[in-house]
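J.: This is the structure, below, for whatever I ask next.
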Amino acid sequence: MTHWFHRNPLKATAPVSFNYYGVVTGPSASKICNDLRSSRARLLELFTDLSCNPEMMKNAADSYFSLLQGFINSLDESTQESKLRYIQNFKWTDTLQGQVPSAQQDAVFELISMGFNVALWHTKYASRLAGKENITEDEAKEVHRSLKIAAGIFKHLKESHIPKLITPAEKGRDLESRLIEAYVIQCQAEAQEVTIARAIELKHAPGLIAALAYETANFYQKADHTLSSLEPAYSAKWRKYLHLKMCFYTAYAYCYHGETLLASDKCGEAIRSLQEAEKLYAKAEALCKEYGETKGPGPTVKPSGHLFFRKLGNLVKNTLEKCQRENGFIYFQKIPTEAPQLELKANYGLVEPIPFEFPPTSAQWTPETLAAFDLTKRPKDDSTKPKPEEEVKPVKEPDIKPQKDTGCYIS
């Protein structure tokens, strides 16, 4: 599915040295600081490494997060926070407002922001894998799984960690509830697209495909609605994508619902359902053009050029013509003026996020190691704060060249 999924840019961050001169008083504390620095740098490198796979990402993320936990949680597993939580200032950009970074002197902010990027990496990995010329069944399962993992990470951040921030997220920033919720829903919707493609490939009952398409369209509508109160200057492009996907999958739902109605000898209603599918497909085509002309973060994808998109247009046209022929020869039923109400509920194939937890605190953290950080020796002019003029360079993401479109479904 090359050029099928819209992706916002990765978050960028200022370098962190983890050098605490005077504060670090022993070799074990010094080693932890060195390991934090190197594991953070390694994780940031992997975000743009095309050879990285989910196992490599998990290992690198766990390595960094388990060390970072010592800056957040107390070692005795009480509710008390670590004395080091506020020792370091972290600076991150946002996916929609990438040029203007946010900074917080809080290790929880770092945990959330880096976790957010790990989730984004999973969505980009899924998109890249889905764009392969001849995708295998195992690869399709990996696309499906990666999107569910991403949804689980976003959900966990929203429910368990963002509420712990001392400084609440500013409006329109990634950690604000509207944005992170939109990311959760989009991941679920895109994973369900894989399910729909699989159901079509295996020729499942039209009623099931219609219900899955309708549920997926509702996901996209919900995500779009979640972003509706954001500033259009940075949300318009993303919203166009969500809107066009909503129209596309509603058209799918009406198309397959029409087949179900025809099989039940309700030919007049089937024709009206397919007419609605035709109208929504045309609207999705128009929205594809508008999406391409809308400025905003992220590269522009081209869904209307994808064979999966065009195949629906042909399917709607052929099924409508078939229904009209049947009605002219056999049924002679009146065509309703109103489109049928879609009250479809899928009993199978609905996507739930894969639950996510950060790794426990690294075994390198011991009471002796923690004691080797002496905050009373911290310099008064705190050098851990980034200088005001320090620039956060955007992440240079690799260009993904679209491969030849074979029209293969993700199966």
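Positions of Cβ are set from backbone N, Cα and C atoms, glycine also.
Here's the feature list from Swiss-Prot:
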DOMAIN    90-408  domain 'BRO1'
MOD_RES   Lys283  N6-acetyllysine
REGION    374-411  region 'Disordered'
COMPBIAS  375-404  compositional bias 'Basic and acidic residues'
MOD_RES   Cys408  cysteine methyl ester
LIPID     Cys408  S-farnesyl cysteine
J.: Restricting to the same chain and to sequence separations of six or more, state which residues have a Cβ under 8 Å from that of Lys283 (N6-acetyllysine).
T.: Cys247
J.: Let me know the model's mean pLDDT on the domain 'BRO1' (90-408).
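T.: Across the domain 'BRO1' (90-408), the average pLDDT comes out at 87.
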J.: Return one of helix, strand or coil for Lys283 (N6-acetyllysine), based on DSSP.
T.: helix
